Amino acid sequence: MSVLPFVRGVDFTKNDFSATFPSSMRQMSRVQWLTLDRTQLAEIPEELGHLQKLEHLSLNHNRLEKIFGELTELSCLRSLDLRHNQLKNSGIPPELFHLEELTTLDLSHNKLKEVPEGLERAKNLIVLNLSNNQIESIPTPLFIHLTDLLFLDLSHNRLETLPPQTRRLINLKTLDLSHNPLELFQLRQLPSLQSLEVLKMSGTQRTLLNFPTSIDSLANLCELDLSHNSLPKLPDCVYNVVTLVRLNLSDNELTELTAGVELWQRLESLNLSRNQLVALPAALCKLPKLRRLLVNDNKLNFEGIPSGIGKLGALEVFSAANNLLEMVPEGLCRCGALKQLNLSCNRLITLPDAIHLLEGLDQLDLRNNPELVMPPKPSEASKATSLEFYNIDFSLQTQLRLAGAAVPPSMPSSATPKDSTARKIRLRRGPRSEGDQDAAKVLKGMKDVAKDKDNEAGAVPEDGKPESLKPKRWDESLEKPQLDYSKFFEKDDGQLPGLTIWEIENFLPNKIEEVVHGKFYEGDCYIVLKTKFDDLGLLDWEIFFWIGNEATLDKRACAAIHAVNLRNFLGARCRTVREEQGDESEQFLSLFETEVIYIEGGRTATGFYTIEEMIHITRLYLVHAYGATIHLEPVAPAITSLDPRHAFVLDLGTHIYIWMGERSKNTLNSKARLMAEKISKTERKNKCEIQLERQGEESAEFWQGLGMTSEEADAAEPPKEHVPEDYQPVQPRLYQVQLGMGYLELPQVELPEQKLCHTLLNSKHVYILDCYTDLFVWFGKKSTRLVRAAAVKLSRELFNMMDRPDYALVMRVPEGNEMQIFRTKFAGWDEVMAVDFTRTAKSVAKTGANLTQWARQQETRTDLAALFMPRQSAMPLAEAEQLEEEWNYDLEMMEAFVLENKKFVRLPEEELGRFYTGECYVFLCRYCIPIEEPENGSEDGANPAADVSKSSANNQPEDEIQCVVYFWQGRNAGNMGWLTFTFTLQKKFKAMFGEELEVVRIFQQQENLKFMSHFKRKFIIHTGKRKDKAHTAKGKSPVEFFHLRSNGGALTTRLIQINPDAVHLNSTFCYILHVPFETEDDSQSGIVYVWIGSKACNEEAKLVQDIAEQMFNSPWVSLQILNEGDEPENFFWVALGGRKPYDTDAEYMNYTRLFRCSNERGYYTVAEKCADFCQDDLADDDIMILDNGEHVFLWMGPRCSEVEVKLAYKSAQVYIQHMRIKQPERPRKLFLTMKNKESRRFTKCFHGWSAFKVYL
């Protein structure tokens, strides 16, 4: 059955119908529009007379001289386009204008010398175009009858006047009289044309004497064209036309414009090119809607452009070429909407610096300015705020949402330093227009509503305490795979209430039409989506996948898989429900208004491979150059088609022969070989054999492929030159198949720059590419099945309409499996294969060769939740004492060893708890952990007395013995101690205690709480080694200075030796200062000061005294307790290097936090260190963020990456914004510090700061 009777419209543009016109056109009895442009028609085809329902006919750019006959029989014709032909008055029948439905007539660009006879009978005309003819006069009756005209174009004729009846055109909106000799005509009919919106009088010899002074009476006039006249100045009546939107005054003799231009408040386009203007009026800057200003070829200089031009906030195009400009005002760079700026052919010396801030500028023309020196670009640092950091949104609102925290209702803006560049950007934006102000009001209202919702959902507590992050549900914490669902579903799916159904075809979901909803094939599977609104007005979904009884395994599996993909695509929380044929749930059946209908068989094909014999048709292609690429043009597979100047490709399916003429170019030969390789790889699975054939050396198989033997080829005439030198293949025509309710349409796709690009192909549609010798039907992946079937039939009809050679074919091309012959018809389609030799082929196939472009399209994973977590609170003293008591109660025995002379020896009892930074210690701890006895009684109601008697009969359970070995390594100790322990002492311990032995390696100031509890807060760290007696440069015993401090609780109390300097004192802490005396017998005599700060707590004051008495328990040492302010000048301050200012409080201890920024997990994360952090937590490979409550430091390790630097910088900014909301009374400033360049404000946050450990 032919589909031509169902065709409603078709575009045959650029088809050659000069020889014969398709007779099958008669079958298109329902066609309503028909385009036959550029079809080389010399007369009206007879077949058009059968198209009785034709309403729109276009025949422009043909060779028509007469249109007698068939057109007059088209009673439904409403629009007729006959422009660009060779029509004369004698070739237009008067009967044509008897068509009552005719409303649009275009006879422009013909050879008419007068208005066609009988035109006045076409009383229903609303559009009439008679331009570009040779008409000398308009007959009086014409405008008496054509009073409904809306558009009238009489330009480019020889009219000297218009009839008085022109005033009857009261409905006329567009009147074009351009380029007519109307010097003696004053247009007195204008006041009657009150509906006129467009008036074009270009080249009508207007002067001040014959200018229509009544033009200001046209209340609806929007566009006025007065170009190409001899106006020395603009008449005053033009200034009074306040409704003007577009005004063209180019090619006149204007020397000035008055201040009256400010009346044109609606003006959007003003063309003043090619006049004698010296200056533009300042009132021009008062036109808020002006978008285009053209002042080319005038006499403007720097002073001629008003300085207030920056007020034109809507200006998009400014062109001032061929003037006398040496400089332009800086205000021009404040036009934020400027897109095109033309200053060519001037005398420019330089431009304002703000020219670089015009971010929306697309075109900048500065040619022919030989003395121009461009200003330097502003510093890139000023633009850092607008840079994107690896596709990560570092806004505080976004990061709070990702972390699961409540977004505060108000976000205060940070105080930023003044920036001249930013100020210029703000000035460039200019004042807001009325539309912007209205939009701002709407935006403010939306913000207020959002604030109210935020106050209800997650308001900040009144007590000011930081909120704890609510833990996510288990299903929310599951990581969703980063998949691109756009290949399966469209953006609009699930966004509107209703029912949407997909069928599974070739492993993929394919949306079906609404008319077949509720009709399921037994051999298919479907995905059903129900979209609705819930009680809160939010979208809600129900997802089902239906399984037919006869469906294949691949369809069943893919239905379930893509149902889950649909849920992930929508972000739905619902389940995907499985429905089987004959066992559907009531919920599923209620989705359909009628009963579900089962249809036998299957509508879609399985995705599994089916083995079938491939039938290859012998094709011979002519290889010809087309720009930088080549095209393969099919020719007849015969020896007569060969040309010695060209290369040919003979495709036999399993074999491809490259025939090279004796005078063919090597470039074409090599590209033909490359094309054959592509065909073999992409279409034949590399199983095709490629063979080169040179002229005169052809093989017998080659001639056999052309249907002849070698003897016949030798007897035949050799190939001759028959391909024309200027050979051009037929320009392909791309049609889009459109399907409606009972009709088909076949419009042509408009080609940008007349080039076929593969980007024109949309996956939702079906296209027909007509190349004359080949006709391709391209199926988009998302196109419907009905459109595909219609396209196949329509392509066959289109193929038969034209006289094509015998070797022409119709081929189907599915999206994603396009053949190379099809690809060569498009410019730049897969000419170069993506290759990156630094990565695997699988990686390149997944991301493409351009890894940077792929990365910009990805959503980078980050974890900044630690920045928004509340600070870890300090452990209360009572809880610390309880833990210390419990852990020491379980401790049955602890033996201590120290590395001495490459072996571990027992540590003297008096040195327990005293550590040295250059030593390694081993502690063997034996814990006796009691096993809790089961409670008496049972859940099943058994007799308790029986249980007691039973338990007494059995032996009591023994306590669990646990052995733990702690290996403590000082900061300055090498790894030799750990190796010695591993190969000696650890083996002995394992032999004694078996596999139950637990070994814990700990480093200085990174001890766990259980280990430190065994020393009962008397944990002392000395500098150096045990038996090395330190001496100063003068040979004296050095002064020892110890600092007592606890980080995050009493269990982390340490007494650490630091550099003796008064600057380290702090009124909140306690210190021990040992000043040795010089003696001849080398006895350890001296004086010990216990310095107690005025703000130190009583517990630490008592503790430091006990430690001092234990450390320096010698009759030769004097112990003194000093309160802050009672220090003796002689020994105390001299030992500390003199009196110096020091801190009087340690408020930072309540705010100090340390974060680590790293990429070690494969993505950027920020993790917080525990409150008991130390100097060794500063890793060289990472970046650390330190907050002391007053400053935020960004510490850079020497081996950190540039990526971490950028991301950590943005993270610190987000953290500061967050803390500004949480603690507005403590604003923080951001500082940068590097390793070995830390300031006192940074180092005071670390207990026992010293030189960094050197790694060998």
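Note: Cβ is positioned from N, Cα and C throughout, glycine not excepted.
Taken straight from Swiss-Prot:
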- 29-51: repeat 'LRR 2' (REPEAT)
- 75-99: repeat 'LRR 4' (REPEAT)
- 124-145: repeat 'LRR 6' (REPEAT)
- 243-264: repeat 'LRR 10' (REPEAT)
- 265-287: repeat 'LRR 11' (REPEAT)
- 289-312: repeat 'LRR 12' (REPEAT)
- 336-358: repeat 'LRR 14' (REPEAT)
- 360-381: repeat 'LRR 15' (REPEAT)
- 405-476: region 'Disordered' (REGION)
- 431-476: compositional bias 'Basic and acidic residues' (COMPBIAS)
- 512-589: repeat 'Gelsolin-like 1' (REPEAT)
- 633-703: repeat 'Gelsolin-like 2' (REPEAT)
- 749-822: repeat 'Gelsolin-like 3' (REPEAT)
- 1168-1242: repeat 'Gelsolin-like 4' (REPEAT)
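According to DSSP, the repeat 'LRR 6' (124-145) comprises 6 helix, 3 strand, 13 coil. Long-range contacts of the repeat 'LRR 4' (75-99) within the same chain, counting only residues at least 6 positions beyond its ends with a Cβ under 8 Å from a Cβ of the stretch, are 52-68, 105-114, 116-122, 129. The residues of the repeat 'Gelsolin-like 3' (749-822), classed with DSSP into helix (H, G, I), strand (E, B) and coil, number 26 helix, 17 strand, 31 coil.
Within its own chain, the repeat 'LRR 14' (336-358) is flanked in space by residues 291, 296, 313-330, 364-369, 371-378, 421, 424-425, 428-430, which lie at least six positions past its ends and keep a Cβ under 8 Å from the stretch. Taking Cβ pairs closer than 8 Å, the repeat 'LRR 11' (265-287) reaches residues 222, 227, 242-259, 293-301, 303-306, 308-309, 311-312, 314, 319 in its own chain, all 6 or more past its ends. Sorting the repeat 'LRR 11' (265-287) by DSSP state (H, G, I as helix; E, B as strand; all else coil) yields 5 helix, 3 strand, 15 coil. Mean pLDDT for the repeat 'LRR 2' (29-51) in this predicted model: 91.
Residues in the repeat 'Gelsolin-like 2' (633-703) partition by DSSP class (helix H, G, I; strand E, B; coil) as 25 helix, 20 strand, 26 coil.
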